[in-house]
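S.K.: Next up is a structure, given as structure tokens.
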Amino acid sequence: MQARLLTRETGDLDPRELARTVTTDLLRSFAPAPQHRFNGEFAARPDPAGVDERAHNIRAHGAGVSSLALDKFDGRILISGGAEGSIKIWDLESCGNPHKLHTFRPVSSIARSARDQNSAGHTHGITHLAFYPFDPDAFLSSSYDKKLKLWSTQRCTLSASFDLNATIYSHSTSPIADHLLVSVATQHSNVRLVDLKSGSAVQALVAHGGPVLSTAWSPRHDHILVSGHADGKVRVWDIRRAGGVIAQLDQEDSLGIIHRYDHATAAGMDWGQMPHFRASAQAHDEAVNGLQWTDDGRYIISTGLDHRIRVWDAATGANTLASFGSVIQNQHAKTASFLVSPSSLSTGNELLFWPNDQEILVLDLHEGNIVTRLRSPGVTNPVGARGSQMGRNRITSIVWRGAGGGGHQVGPVMGGGNSVGAIYSSHMDGQIRVWAPQISGPEDLDEDEEITEDEETRRRKRKAVNNAYRSLMGKQITFT
């Protein structure tokens, strides 16, 4: 690092290139940050023994956390949605020193609404959360109660509600468009478009492929949308056109539309009268439950229940044939949450952060190789009778902490006001976990404050052994 700073000062290294080099190293150094904890209770309860403040006892949502959203403008506000239907808002800058032990508590919340009440909250579990792309003071939520809702972040008040009469898996808004359309993936085969301005579901993009599990807007063209369907197809839509579908991604096509055009013209065919894609083209062998564009709009990433991740050239529709091997776990028929690092951050390829059940795989987006595996301390693969308990640690959603959003999908500036960067993951066990890049410097975490989940696991095992000996031998035996 000192050598790089010297070359920058002597003018041999461009400052922007230095920044990209440093962030490239940071992106590859993510590790668990167990000193950050999220407690869903607004006030601390009396706990003289410190039992409730142990890492494994702290929960953001008692029934599990199903979704997260993080504002991309300042990287400050985190929103979590619970499997029980509540929504909580957290201020990430309430932590003064990111290296010291800190327990976050919600600054506000939206309670679950009972069926016989007229309160504004959802009545069922949250399926997806997302900030409005141009205003961090507005966010959208969807739920198994079949409603899409628009909220004010600061006041936690309801601004609009849309009943779509179908289970909503996820929703998406364009990061660049002037229109206020929200694409909604539901259990129906049509892609629903909701206009926040008029307050109605204005359009349905007609398809016949079973439930829609994911949608994503182009970061380059405000009228281009892709959708993933249960029949394994990825459809590309132009919402301005009556016909709608302009392409389907084909896993067998590694050349793209330009090659097909050249082949047709060489054969003397009229390209304008020919279909530009195969009607039977499939992107995956099973349902497509995840879609995302790189922030520069050059590539589309799709994920399917066939345990495959594919990368597509957005300009031609060609399958780039990136191979991620057989390690990918993806078996839940719901919208998959994953991240792609901003292309402007690193000197090499973008990185794909994939929640692989209890771990996060960091993968090279174009080569497919594993850069690193992120595992929570004390968490291993489920084996035997512990499998069901370990399954509760499954990751349900991950978000990137970045700032300077604007027209980007995520904040392209790494980190927020008090952090060099972080990834936040939600889990079925009710916890929100933090993963942060490792930076060189003095150790700011006091030994007496550091309580990792590894230590908690060993403590529980010692207690279990003690209890077993007491019951078998009729007297107390203490191990030290």
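Yeah, the Cβs are placed from backbone N, Cα and C, and that goes for glycine too.
OK, TrEMBL features for this one:
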- 443-455: compositional bias 'Acidic residues' (COMPBIAS)
- 440-462: region 'Disordered' (REGION)
- 58-94: repeat 'WD' (REPEAT)
- 119-161: repeat 'WD' (REPEAT)
- 205-240: repeat 'WD' (REPEAT)
- 281-322: repeat 'WD' (REPEAT)
S.K.: Should anything in the same chain at least six residues away from the repeat 'WD' (58-94) have a Cβ under 8 Å from its Cβ atoms, list it; otherwise answer none.
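M.R.: Long-range Cβ neighbours of the repeat 'WD' (58-94): 37-40, 52, 102-113, 121-131, 136, 139, 141, 143, 145, 151, 153, 156, 337, 392, 396-405, 408-411, 413, 415-419, 424-432.
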S.K.: What are the helix, strand and coil residue counts for the repeat 'WD' (119-161) according to DSSP?
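M.R.: The breakdown for the repeat 'WD' (119-161) reads 0 helix, 26 strand, 17 coil.
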S.K.: Per DSSP, what is the residue tally for the repeat 'WD' (58-94) in helix, strand and coil?
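M.R.: Residue counts for the repeat 'WD' (58-94) by secondary structure: 3 helix, 17 strand, 17 coil.
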S.K.: Restricting attention to the repeat 'WD' (281-322), give the mean pLDDT.
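M.R.: For the repeat 'WD' (281-322), the model's average pLDDT rounds to 96.
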